[in-house]
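Colleague: Encoded as structure tokens, here's the structure I'll be asking about.
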Amino acid sequence: MAAQGEPGYLAAQSDPGSNSERSTDSPVPGSEDDLVAGATLHSPEWSEERFRVDRKKLEAMLQAAAEGKGRSGEDFFQKIMEETNTQIAWPSKLKIGAKSKKDPHIKVSGKKEDVKEAKEMIMSVLDTKSNRVTLKMDVSHTEHSHVIGKGGNNIKKVMEETGCHIHFPDSNRNNQAEKSNQVSIAGQPAGVESARVRIRELLPLVLMFELPIAGILQPVPDPNSPSIQHISQTYNISVSFKQRSRMYGATVIVRGSQNNTSAVKEGTAMLLEHLAGSLASAIPVSTQLDIAAQHHLFMMGRNGSNIKHIMQRTGAQIHFPDPSNPQKKSTVYLQGTIESVCLARQYLMGCLPLVLMFDMKEEIEVDPQFIAQLMEQLDVFISIKPKPKQPSKSVIVKSVERNALNMYEARKCLLGLESSGVTIATSPSPASCPAGLACPSLDILASAGLGLTGLGLLGPTTLSLNTSTTPNSLLNALNSSVSPLQSPSSGTPSPTLWAPPLANTSSATGFSAIPHLMIPSTAQATLTNILLSGVPTYGHTAPSPPPGLTPVDVHINSMQTEGKKISAALNGHAQSPDIKYGAISTSSLGEKVLSANHGDPSIQTSGSEQTSPKSSPTEGCNDAFVEVGMPRSPSHSGNAGDLKQMMCPSKVSCAKRQTVELLQGTKNSHLHSTDRLLSDPELSATESPLADKKAPGSERAAERAAAAQQNSERAHLAPRSSYVNMQAFDYEQKKLLATKAMLKKPVVTEVRTPTNTWSGLGFSKSMPAETIKELRRANHVSYKPTMTTTYEGSSMSLSRSNSREHLGGGSESDNWRDRNGIGPGSHSEFAASIGSPKRKQNKSTEHYLSSSNYMDCISSLTGSNGCNLNSSFKGSDLPELFSKLGLGKYTDVFQQQEIDLQTFLTLTDQDLKELGITTFGARRKMLLAISELNKNRRKLFESPNARTSFLEGGASGRLPRQYHSDIASVSGRW
């Protein structure tokens, strides 16, 4: 290093053999070099190679020599020259600590083999590129200053701690029109990933909400008031108020940091409660993300599937701007509850594009098929191109942030390294990053098939729905510690959804398997639609879901927090309470949830322990996953005893089907607080004491397997006790009384005393079912009614989520009796022709639910005088008739139009359509009833049993009060 102080220090710049690029960092050829080069210039075996070495390592070598702590550069290169018989030119006058970060060049001359050997010896000590990567991430330009910090303090600290160089775009200083969001991080893989996480934690978190207008003279709250200052200091947030122009009221802005997310959420909730009081729960919270417009389509996915999935999962609304709007064209708005907005924000950030770049040695050849397999299994895009004028290849790996670990895993596989160099420890803490982002094995989007394929980056053929009967062994070949794909049982194919990451599977989860879902990979769009169609889209409603409408995983997690320590059993990852679709073996989850909740930690469903269901398709299980998207509505009392009894019979098909309901469909409304989480006619048949715990308003989607498969299972069921039938009849009587009570005009002189007569029966027209229905109707969200109105087919199909009409026999479990386990399937003498619309039954089995629909009743109970409906109908008005026919949900429609029974008997099919009865099955029921009643009315005066007491409504609407002892209803559809 003495050369630095000599007058010849800058002489290299004017050396005839140097150029402007070399400066002091380039090799300075000595006289000996020139002589040797000149003597052998024309030798055919002579070659010369120029390559870069790591500047920091060379500086460290020179520094150590100057301090007498190691050998000098001169000694190092001289030794190599002697051993390889080559000439080496190197920048001996390299300035230590210079501003330039460029790596200096080394030039080696000699025979080809000698040059190659010398280069390997030099690079073994001074090489950096083989383990150096560059990561380009997307950070909103509006937040660059916040990340950099005052005087660059924030980013300097990150660079020092991670050993990386972080570069923010210089073009943003001068270009006001187009701002770049790209931030580059260069360094070792572990440091680069750590820096990425740290940058995300430095991002600001801003939540906003509108203060309700209490009055014209209401002043804007003072942010300096003691209470607000106390909240601000306690939770380390800043609070400001913005007056809305031309309107009364104000917008509250809460600012915090991403690494303080939990405190920001708590502080915002406290502030809401302080400022809005009882209205706090009804006020939506909003935030916004600045995402480059060119990434919007990529993030939304095909047909918006990605965003829909996030909205349904979190319950937040997400609004992307109109691309034609020049102002704020990059701002994405999120609205919902505090929790849902923060979670949706994290999921969106997890969808931001990420690019990893690194060099590969020129001699390394990679099979294109291997690259294709890596791209599919790791959900990444890989591009390899040769570098001009350099003996190496440039590799570019693209993916999204939630899949970051897999990008390093792809690098490990391509370079043949033993480790990716990145550990899960570099992931953000659970407080700052929700499960599913930094730990992609818990990724909700990938688990629903919404990886890069869903985002539109990869082709449709790469969707990882493996329909072969043998597991894909690629991951095992890459890493022996990786959990294998689930092995199919009994030769049954076991398709899998998107594979979890290699880097994480050894310590987290394995592959999820969904039994009996045989859909080819080309049907991805269809699969996505099915997955999403039946799940209520909370994202479309501004208010947060009512208390009973929280997703089922929230209730499961509430059980986990009761000291049972089963989060690992549910999730396969100890730090994450998030449950992903399809991540848990569907045949045994419910049982394991119960076992774990009862303090039995021996049963867990970690990914490495998952097994396929052991049941045979002949047991009626083929429909187990068909209704993955159908809404469900279990109660949420947390009564694990009842739940255990219901889910633990020996019937695998029922347990599996109900578990799928629990995982996939329970985002429908929990309309009534009752004691059962799941219910099924088959299970209830063996549980008479529990059969009546479920409120009638809690809907169940109909699930009946094929007749041949069900008969053998139902044959041994115990007969129903008569008191259960009487209870069912009593319920219907109460329903009629409730309808009449609501229609009755209040009498001023009458004292009305509240009672609990209707408690728990779900008859209210105001809370909660009707309110939820009106709320969803206002937001164009489909509402699945309590009362079904169509003829249901006994077989199930994928179209059930869109179409509820199936002509034919077999009633679905949406009706009250089926849900309470007293449907036709509970009779001991159940006929073999369950699927037939005209099944015959013995007189002993003709109880209150002996018919599954109107046609069954007509065919099986019509007497010689044809007065069956006449005899069963002893009511006095239209609501009672509709209740008998299972059409109670349409009562309000006719009451609003002031249509009484007499007018109803004159209606035609076209009239019913105009009234809004669009469902074919319901109209057919009504028309058959009209026809039957009119026919009975004509026969009334000819009948010897005609009585003198008639119903109200005029001569044309008179019906006798004759009651048939064997019939409580014309229809089993309540």
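Each Cβ is built from the backbone N, Cα and C atoms, and glycine gets one as well.
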Colleague: By the record in Swiss-Prot, which of SER483, SER494, SER576, SER836 is the one labelled phosphoserine?
Modeller: SER576
Colleague: Given the candidates LYS265, LYS398, LYS580, specify the residue that Swiss-Prot annotates with N6-acetyllysine.
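Modeller: The N6-acetyllysine feature in Swiss-Prot corresponds to LYS398.
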Colleague: Can you give the mean pLDDT for the domain 'SAM' (873-936), rounded to a whole number?
Modeller: 83
Colleague: With DSSP, how much of the domain 'SAM' (873-936) is helix, how much strand and how much coil, in residues?
Modeller: 44 helix, 0 strand, 20 coil
Colleague: Let me know how many other Cβ atoms fall within 10 Å of the Cβ of LYS398 (N6-acetyllysine).
Modeller: 19
Colleague: Residue counts in helix (H, G, I), strand (E, B) and coil for the domain 'KH 2' (284-348), per DSSP?
Modeller: 32 helix, 15 strand, 18 coil
Colleague: How many helix, strand and coil residues does the domain 'KH 1' (132-199) contain under DSSP?
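Modeller: When I sort the residues of the domain 'KH 1' (132-199) into the three classes, I find 36 helix, 15 strand, 17 coil.
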